[in-house]
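Undergrad: Please see the structure below; I have some questions.
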């Protein structure tokens, strides 16, 4: 056949260590129909500071693949919530082959068409809290590329028609496809009039949705006469692919005929008619067009000599009781994103008769509904059983309803079909099922009532069970509980939801408490973070005593908002918020930076030099507010204002030192007992904050940070400038003019006026 190659790529994205599904990077691809091979080229490279990260450590990268919906992954091996079904997926781990780059390849032969999702993440780390901008972080970038090769012009088989084919010696196989509409209970493929050098040296393979593989349903035509391959309960509204493959080493040309017969379960005594008026009669997709251009009474279209089609009556043998039951639709009511309720007409209570199943269909929209959780709930009305030992079984299957001919069957599986089983009875009257990230399309729920006897389950007589049925789509499982937050995430144009757990809880629904914080631990951490701010009381008292009223007001502001911010910022249930979280966080950060700013400006003693030193306080408040609004966690938000204030202080101290020709502050006691200890305490606090703090030790390391910062303020705040005790108030001169009085005690920064002689110099 003729092959066409398509190429798809995605933008590189930065990978994060795995904490929950909210921390993974999700990539969405679409594989076209008739694809015979799909190759993913997985490119990973390191970056550090805008260049190649050759010095970055090698960290393994795990990639997950799944068709139809995102992968449900569990790399930390946590427990899933009860009644949760976990669909499988492929996983691949990438290792590094070069210092800053590595590639991996993932091949899928005959992949299922439609949506494919890739999820990638780094291993879980120790949870270190790093200051943004402190050092160049190692970044691991991941870029997937997809190359698909698909066949074009695959021969289409029409039900009830015979296709003749001659396989040349250099050909190995012939591929066909047939569309299976709804309410089809059986697909029968048959090879007729097979002539070859060694009888009929052919393999017959059939597969739904994609070309057959080596492990698909197979039949050896040399060992079976007639060569017929049947598929019971086929997927509705899908293509079925038929591969006729020649045995290796067979010489010469092999000629044969192939035909397909579809059994319509809505009319069990009839097969699908050989002629159909249009594609609408078979519910074919628009891409298929009309059924070969056939109209009622038309003859088949002309074909090549090796691929002729003409109607041949084929006898059909049906099993007794092979029929399908009416499928009741559901009404879709969209409330919000991933919040959809499916209502049953004349429900939600449904009656399950003893002689036949009750079948319902739930339609999930492509792409839109695969990012949530499909929830199903069955509740049995025990009063409707009238004392009988009745059990209602429910089978939830994707693509086709599973209604077996065996009335006593309690399984939801066949050779080619697997579903989910639910059951309710008088003892356990409630059953739930949750499917995270369900495949889109049609889901069929078949309810059947059976009575338990000594010999197993048997059909009930004259008992109609009543069941309350509830089906809905939700973003997360139980809204992630009280120890989690359900987040709505987006990758390009695809939306999905995931839980982000807190307080040590883990799992898909934040229900795994193996590492959860106890209530006492949560209370202790909250009290430590809040009460450690009481250490600001001594600096407030010192500031008030020294007449630094503006500084004292800033310290009170910082103490108040830091206390209530940490009371609101707790991950567990010991939480108390007096305002919105964002307001508390902004005020806490602003108060912390303003405390540093006003303390350093007060140490500079600018009042004798700059008459309006309060301008600096106001300017600092405005600039810090702007910086926090731009980037609240940046390094320069803390370092920039601090360095600027320290520069002002250094200039002021240097000017005094040059003018007085003496080191300022002049006394060694001020340096030894106040400035040096305060600077060391502040430096220790900064080192703890920048390099030691992690998520595990946050509650006590950050509490120590509060204590050290408040303590350093008490040491660094300059003393009160006391007036001279020797001189009384100076007389004011009458008339125009002014007096400039310089208090040398304030200039020298002395605590006790008896340390040096004090003179007040007044000039007119």
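A Cβ is built for glycine as well, from the same backbone N, Cα and C atoms used for every other residue.
Checked TrEMBL, it gives:
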DOMAIN    499-510  domain 'EGF-like'
TRANSMEM  516-536  transmembrane segment
TRANSMEM  548-567  transmembrane segment
TRANSMEM  573-597  transmembrane segment
TRANSMEM  609-628  transmembrane segment
TRANSMEM  634-655  transmembrane segment
TRANSMEM  671-692  transmembrane segment
TRANSMEM  698-717  transmembrane segment
Undergrad: Counting only residues 6+ away from its ends, which parts of the chain sit with a Cβ under 8 Å from the transmembrane segment (671-692)?
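TA: The answer is 130-131, 134, 665, 701-702, 704-705, 708-709, 711-716.
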Undergrad: Which listed range (516-536, 548-567, 573-597) shows the maximal number of Cβ pairs under 8 Å with respect to the transmembrane segment (698-717)?
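TA: Selected stretch: 516-536, with the most Cβ pairs under 8 Å.
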Undergrad: What are the DSSP helix/strand/coil residue counts across the domain 'EGF-like' (499-510)?
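TA: Taking each residue of the domain 'EGF-like' (499-510) in turn, the totals are 0 helix, 4 strand, 8 coil.
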